[in-house]
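J.: One structure follows; several queries about it will come next.
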């Protein structure tokens, strides 16, 4: 067995294979000297799971599983017809079964611009921290989980946040949830962050020498939900928090200082109020022109605009089916279109007939589930057994933290793909909790729970068993009715 990728999907897959086949060699091929391992795993409910992600030296994995061999090198080429993998260090490996878990890379708004930073892994997060220490103003582009966390954590630096949607955090919530969270952005005093449980290993000597340039384009694995905890995210200014959100816009062009001077256009100061828009006297290293016509100068730009599956090294000479989102298409047994080649995690695209309340999202939880399930499928295949679809693909379920609130999203929590034929029910207590359910024909299809609501298990069951709830109407969210007992 060979597995490519040292992120959550790859490591989980290799561990599961090593446990299933203790006498077989498992090769784990990864560019990074550290691997990402799941620790403190806890099954919160049938489909919800919580875990920490820890960077560990690969030697630790080899110690724990004597039959795993970690090969630290990038993949140069896959020759699937010969069942061979060629690595960048000039070696070749023959596999019987292969699982591709090479993850995804950040979609940068501009390639090769020194003032544009993409954040996806711990190395890029460190580069960001270095730049932020000297920064007075930055522009953040993107509206997913990383952008949200970033904007919330940054202090002492003006932040212009450009989003293409109407409301913040569009990948995770709707406008109502965004409104609920917004006061936290302007709050001056911060709760002290909870001690971070994730530890970080660095490669010996890599800190002192500075990373060699050719190594910096080798992508590390993706960040975890509390990636910013150990970093000192503070700019040069004395105030704690200044965020200005530009909605419904994208980056039209990026101008370097010289180009901008030649353009003879005006850029804007940090907006103090709606009407008070002044021309900026300061000269900035880089300028961002937005599609709404505004131009802001800044020290640098953070591109947090999502990811593209990292399929490049595997396509050449192989007839791999690729999905619309650029991932390798896999069937319900995580099989790609090539014999004996499987894929899991961010690199793959679920191409089986999906459950009506599950969808793919490139998240840690799904990477873990897919890596684990891919190993089970490879094992079943090797032993000639049949296998049922894993239960984790029945219901989309994710638990995370934003702005220090617990956030649980279930099913079609944003009415994804339901068209206009659905209704929403809401319950919101300012600063305390936000509960939204998505209903269709009297059945619960999805939910967003922010705060300590204790409703996740009840709602998970109601979505899974598709019970007709029309009789309860608005009472479903009535705080005076103990709904958990009701549907126990």
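Numbers here mean position along the shown chain, with the first residue as 1.
Cβ coordinates come from backbone N, Cα and C, glycine included.
I grabbed these lines from TrEMBL:
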- 2-181: domain 'FAD/NAD(P)-binding' (DOMAIN)
- 276-371: domain 'FAD/NAD(P)-binding' (DOMAIN)
- 400-466: domain 'NADH-rubredoxin oxidoreductase C-terminal' (DOMAIN)
J.: Could you put numbers on the helix, strand and coil content of the domain 'FAD/NAD(P)-binding' (276-371), residue by residue per DSSP?
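T.: Final tally across the stretch: 15 helix, 29 strand, 52 coil.
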J.: Can you work out the mean pLDDT of the predicted model over the domain 'FAD/NAD(P)-binding' (276-371)?
T.: 92
J.: Which residue counts does DSSP yield for the domain 'NADH-rubredoxin oxidoreductase C-terminal' (400-466) in the helix, strand and coil classes, in that order?
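T.: Tallying H, G and I as helix, E and B as strand, the rest coil: 10 helix, 33 strand, 24 coil.
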